[in-house]
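Participant: This structure is in structure tokens; I'll ask about it shortly.
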């Protein structure tokens, strides 16, 4: 348990190191040679050109204009200046809403909570004498500021109970306002969108086999009968049979020709083989109204056939999962639920196993011929010092990928859904292994075991009791993991190194240089759950140890600044889902509130505060609040209201009476493997390039475009 | 703990008393004077006429044809003879599916379980020597047949584990088949129905207020814009402002005229007053397809406005709940959830309070002037003996009404939904207070307290341990509550007495006699949860004490026979929901399976059987099975597939091209208070009378017709 000055010192060191990162960033970003690392978004939009074309040799690589170094912190106000509507236009709604999470955390929830906490709870805690009177207990100033200092003086707990209610109601108010605002932003965004293929299109899965008709004919007949006034056209999906990956960076024309022929033959084979047609189709309608109706209704009396849902936008489709039968889907999800349970609670077992192998005797037994190398003293100490930690580190680095793979096995058909699903899994993992794991000693499965053997009302008490004691630990966690992590994010070390390596050894044409650039994107699946962990810490400690809150505010402010800069200058989103992740974000905040309320109750009952039963109402109110918000706002993220569809249809009919929708939609949904030049260029894509929704330069050679679309063929048409 | 012969004796006595009831029934039903008590359904259908019109005076009241007495058990084969399609035609799908629950329980689940249990588990238990070797333990033969007799001989537990899995998989199989069958019966039933108003109609609630338009105009405009090709017409609902109840049995013509005028004036006032219009409407479409689309989609971008759902059939509408705003609904449901919790766990407190008042001193204090009466010895002992029990009994009799009132407060708009909801509440009550209450000593809130203070894995152990000991108790419970209850059901004592009283003192015309007849109906809300209790007992004891199963089989067989007789000859259902209750029935069976599996696990772990962990898989498999069935079949009970709607529409257009649907639907949904003769007789109702869906004689003077429609006006038009 550190004293206040210890914490202050640590905070100082962390702030200094963060400032160091920022300084490094400020200098690196000014160098022309790094321009494509720190401003890739502008390149992709075609607005920025390489500053290296002009000037002398040195100034191509190093910025010699010293005036710019004086204004090196300029990027901060610039990042904040762009107004929100322009930001949505520039980076998309997903990104704009994502950084609102930081704003929500900082300004709207934790600043008022901190002010109240410091005005009311800190004086109440500080002026109590329990810890000072207890002779044998060692305590720190942090403890004196926390609820631990109240002890027998139970009248003072009234302050905490009242504040718990005030905090909860303030948070409800903020969350309600935010959910309402984002729902209306989404509806406004959808309403003001240009014409896009997914507005007219529905994804149909589990088309039943028919002995007399091909899948395509069957789809056509079914929808021309059952949606006779609205059906327009459809496209069926193909199996993943398109063969080997081809490397685009290949200069020999002869080679290219040969490969192109093979590619054509393969494509020909796939198209002509009826077995390679998936029992799934993208069905398009004459109006948005018709599509909205089909997406929201049940088609067949067997609810596992002819399943319809909104088509994701073309970039967002995850093609490999389109053709999973219903029964298989149930089995896959059940298996993944069991797997997630084991992964969360028992991941330590295989790691411990690897660690047990990773001692010297183990390695020598497995690979005896390496003995001479291992016995060298330097290698020996290296192995002994690093290996055990490395197994865990490698696992943690791989974890988001593992979780994403599990979500893919579960069979979601859109990348956005996959990311949302992986985020839920990651949050569970962090909650159990970081939050509970830090509060209770022992591994996750030891905790699980002890929880199973404890009574239901004892669990919050056990966890609650250790909360005040861990405040110092979490303060350093916030500084080391949070502050430093964000500072590392802005400097983009990995893309920086990789870009320069590629640039030096591989890049030969301007096209190559474009490809060497890795703009990256907001990794929702891994970064959102980590924000949620800070929300959880903030809500749990708001009443218990308010001194922790300023550290969280610094984290949120800093993150807000950095990510706003990144989405303006760097990230290039893969797809646009219209903030469809907000119900998940809201749901996890509700979970954090309930956890914090239960733990406060547990903590107060271990201190024999008679007021603790008064806190029973809070989780109940929170659950009611959640069910209210869910009914009130969630449909806006799931369904498209018919009224809105009708308004857009009517408007379009009035302004463009001669629109040929069939041509527009003809090639909107084709598997990325067929995005080749010999297939006529889709009208929808052309139009989107002229009138981009999110103004990105839709260059199909951008590495991001088909990154997930199909791992086996990601480069076939470059 | 009774011995086998004790149980046999009790069973004998119960069977004899049941036979006594049956004999009484067999004789009573043959008397012409009781004809309207035991065959009301046939009267309502207009097929049966009073047998009292012919013959001499005596034979009008007593059956003198002794040949009929010889065949007095004839009703049993008759009840079983009617084939199922005819039964559906005669009594409706609801009733036909309801008695399938008994068939499911008897033949399909418990007969095979009993056979297996007696062949495998009974010998395994019986031949173990644990109880005989334990000198100090008293035990009965029942115990020797149960799992308690295994003790240290843990190898034998393998039989129980294997049988638990066999039983579970057999039950899955049966439940799956049954769900599938009933889903297809429902779809077939809906597909073969005649034209009915609810097929074309959608209930719209929460119509937003508009400053310039009335509710009716607003509805018309909204739907003519947003469903322009499909909207036909609408009817708006009225508030409950229609004034006092009028008594139909009134002979003075002058009086009638006066009342009729008042009634007309009142009705006029209601119609002309804009404030009495509810913000809810029944909106009708040109086709079933149009209605299906509107019912399944979201209309407005605010999901709490313009809420659409399938209109219940006109008889099924619960008018008072049509106009509840969304926020109020959330609050009402939350409050009722809390109320249900307290009712279930703390109902004993007010009863104990009443009981404490109900001693002699208490009464004398409250009503001192009654002292002379109370001091009489007979009255005194009566009060002391009965009063405490009476408070509980009155509560239990009122309980279904209380639960129904709570469901009404929750705001459901259809009687069928109200009944389903009340059934869930009643099941919770029975589960906690009868099932758990018998297994664990102490009141429900003492149990709750002890559960909160026990660890999660201890709870199944505590409950599980007492299961074998309570087998004898539950066997007598089944005989007393189950067997005798069913026997009492068939004799219809209450309607018998009331009919004869009315007949003697009130009935003056043939019309009166028709009204004095009370056919009753299947009380789903109170009887289904009680069946579920027997399912629960059967599943819990199937592995533990198989000897209990035959008693359950007798209950199910007997019930099946009696209820099949009743739905053929007696009951007159209020509404037809097309077996929409099946998902609830299935869900509660799943709950019973999970409970039985957890308890078996708990029981075996208290006996230190190492195999108990093998049972962990069962609840997991059960949950997966449930989620599979839910996805596979539940939509058939909630949504109408567009394909089916289109088929019926197409067929109708071909056969009746000149149908005037607007006239047909004109007065289909009008509040029962406006079912008066001066309003033109609705075409839909006329047609339904000519082509009745369920062939009942739709006489609007049947007491059942508007029994629930509105308590304040139930007799206004008689």
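Glycine is treated like the rest: Cβ placed from N, Cα and C.
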Participant: If TrEMBL is the reference, give me the range from A:454-473, A:474-493, A:494-513 marked as transmembrane segment.
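Facilitator: Going through A:454-473, A:474-493, A:494-513 one by one, TrEMBL gives transmembrane segment for A:474-493.
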Participant: Quick one: sort out which of A:311-334, A:335-358, A:575-598, A:599-622 is the transmembrane segment according to TrEMBL.
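Facilitator: Per TrEMBL, the stretch marked transmembrane segment is A:335-358.
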Participant: Among A:286-305, A:406-425, A:426-445, where does TrEMBL put the label transmembrane segment?
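Facilitator: When A:286-305, A:406-425, A:426-445 are checked in TrEMBL, transmembrane segment belongs to A:426-445.
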Participant: Pairs 6 or more apart in sequence, C-beta under 8 angstroms, 3 or more of them: is that satisfied by the transmembrane segment (A:533-563) and the transmembrane segment (A:157-176)?
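Facilitator: The answer is yes, given that the two segments have at least 3 Cβ pairs within the 8 Å cut-off.
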Participant: Cβ pairs under 8 Å only, please: of the recorded stretches A:6-28, A:109-126, A:157-176, A:335-358, A:378-405, which one is richest in them relative to the transmembrane segment (A:474-493)?
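Facilitator: So the stretch in question is A:6-28.
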Participant: Using a cut-off of under 8 Å between C-beta atoms, tell me which stretch among A:6-28, A:157-176, A:378-405 contacts the transmembrane segment (A:335-358) the most.
Facilitator: A:378-405
Participant: Where else in the chain does the transmembrane segment (A:157-176) make close Cβ contacts, counting only residues six or more beyond its ends and a cut-off under 8 Å?
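Facilitator: For the transmembrane segment (A:157-176), the nonlocal Cβ contacts are 104, 108-109, 112-113, 116-117, 120-121, 124, 147, 150, 539, 542-543, 586, 589-590, 593, 597, 600, 604, 607, 609, 611-612, 614-615, 618, 621-622, 625, 629.
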